Amino acid sequence: MLRSLGCFLCLWALRLPAPPAGSGAAARGLDVASYRERVRAMFYHAYEHYLESAFPYDELRPLTCDGQDTWGSFSLTLIDALDTLLILGNVSEFQRVVNVLQEGVDFDIDVNASVFETNIRVVGGLLSAHLLSKKAGVEVEAGWPCSGPLLRMAEEAARKLLPAFQTPTGMPYGTVNLLHGVNPGETPVTCTAGIGTFIVEFATLSHLTGDPVFEDVARKALKALWKNRSDIGLVGNHIDVITAKWVAQDAGIGAGVDSYFEYLVKGAILLQDKELMSMFLEYNKAIKNYTKFDDWYLWVQMYKGTVSMPVFQSLEAYWPGLQSLIGDVDNAMRTFLNYYTVWKQFGGLPEFYNIPQGYTVDKREGYPLRPELIESAMYLYRATRDPTLLELGRDAVESIEKISKVDCGFATIKDLRDHRLDNRMESFFLAETVKYLYLLFDPDNFIHNDGSVFDVVTTPYGECVLNAGGYVFNTEAHPIDPAALHCCRKRKEEQWEVEDLMREFYSLKKTKKFTLKRPSNHGEGESPKDPQDASSEKSGEKRNSKKNSHSLLSCPSQSFNSKLAVLGQVFLDNT
């Protein structure tokens, strides 16, 4: 049957125990449906004002009701918001925006663009929208998901980034000119996250297009960081990509480092890659040994382990969600509750918070509507159903509406102490913050699919299963369907098992007559199909796995022992 996809369906079949009676929102009287609709209204208040006042610029300036280009002149907010539209159920606007992007976005422009930001926002957003297009009712071309206009756009954008990886170490420059490549005077100093945050998008591109160059450069960059970790197992904040010398030697889990660790875990899940997970688990030991104090994570000197900054950064709030993905839920909840106390103190997370003093750090008092604490709440709620996590969602809605909402959208909070605002609405507000809030309050969203419903599509390389759940979010909250990576394999050793069987069948048929009998009981496997039966099956037919569990949910033995459950954990066992 579908050899490559059996593993994913097995993993999706895993369940966490059902929450006890009386737990969840009802236990504390939180009206989940009401907050879900308020989040929807937040999205459209921001989105419609972006369209009216800022498009085609990258971002909305909500205090002056106009727009500005920030990361490269891509109509960035439109790309970033596209998959959120589908998660909110707006298929008609999704379809319209797909057409707008195809007609209006051009990457052949003389613009210096952040390699990191272009990857996570543009490449990631286009890949996610491409893989969700059929679900959104877009008329996809023959060969989808292995081809399509949004995939070609994502590939074009990613190719513009490839010159940045042409360094002696394989670690990329931080900025590239989309027309001319890396500028001659470009600084070779890049932050760790700017080097290690490509494997999710680039491996997806390689698997869908058949071109290994993207995954190859992403892996080389990841391994270069791993090779240059300190003797005590830590990485610093900034490194020279030419010499591999660390320029900033502060080690932690926050700004400048954060998504490197995130992509080791998510890359391991997406690719079923034991090496990536092993790398993260080794880092995790060092992080616990040297940076963790009373469920807070401090910044330390990467070679000595001595504390350099006793601060909590708002970007670190992704960490409890990441802990939940490796099954460390208890530690995740304790750290989350620490971060939640900071939110309650200010009505948001300041960029820097001095832990010993219990207050903000000078010139770091702002909150640009970041998603990380909400992201962790969403993951942890899927794993625990603890109503405290919904209360964070409630507090976030109330704070953002009270402090940040203005006539033309939602403004960055410049200072949480006096609620002064800044004239910017980052595209991640619609890509991440609103999305994670909505998913926290929408337990039945298709993103949370447990594998009981899925689509079977026919590609030039065989049948594959899509939309069964287990989505892996990139660091900009763009969901990638991991099963899609198995739809477009072109190498001989990765072809479908059914094709191998049929090839053998026809080879034998030329030499002698025989009858291919179908056993009466196939156990966990699926009976072979006649060629006529296979050709008559409709592409994209929706099936229920309960009716086909003996065939589509068979579980071959897996070499990778980290089992992904859609409910928010990777179970580390040998079962």
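Please read every residue number as a count from 1 along the shown chain.
Note that Cβ sites are derived from N, Cα and C of the backbone, with glycine treated the same way.
Listed in TrEMBL for this protein:
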ACT_SITE  Glu117  active site, proton donor
ACT_SITE  Asp258  active site
ACT_SITE  Glu351  active site, proton donor
ACT_SITE  Glu372  active site
BINDING   Thr475  Ca(2+) binding site
COMPBIAS  521-543  compositional bias 'Basic and acidic residues'
REGION    517-556  region 'Disordered'
SIGNAL    1-17  signal peptide
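Counting only the Cα atoms, the space from Glu351 (active site, proton donor) to Asp258 (active site) is about 14 angstrom. Asp258 (active site) sits 10 Å from the residue listed as 'Ca(2+) binding site', taking the C-alpha atoms as the reference points. With respect to their backbone Cα atoms, Glu117 (active site, proton donor) and Thr475 (Ca(2+) binding site) stand 10 Å from each other. Glu351 (active site, proton donor): 21 other CB atoms within 10 A of its CB, across all protein chains. If you draw a 10 Å sphere around the CB of Thr475 (Ca(2+) binding site), it holds 25 other CB atoms from the protein chains shown. Its Cβ taken as reference, Asp258 (active site) is surrounded by 25 other Cβ atoms within 10 Å in the chains shown. Taking a C-beta cut-off of under 8 Å and a sequence gap of six or more, Glu372 (active site) has these contacts in its own chain: Ser314, Leu315, Glu316, Ala317, Tyr318, Gly321, Leu349.
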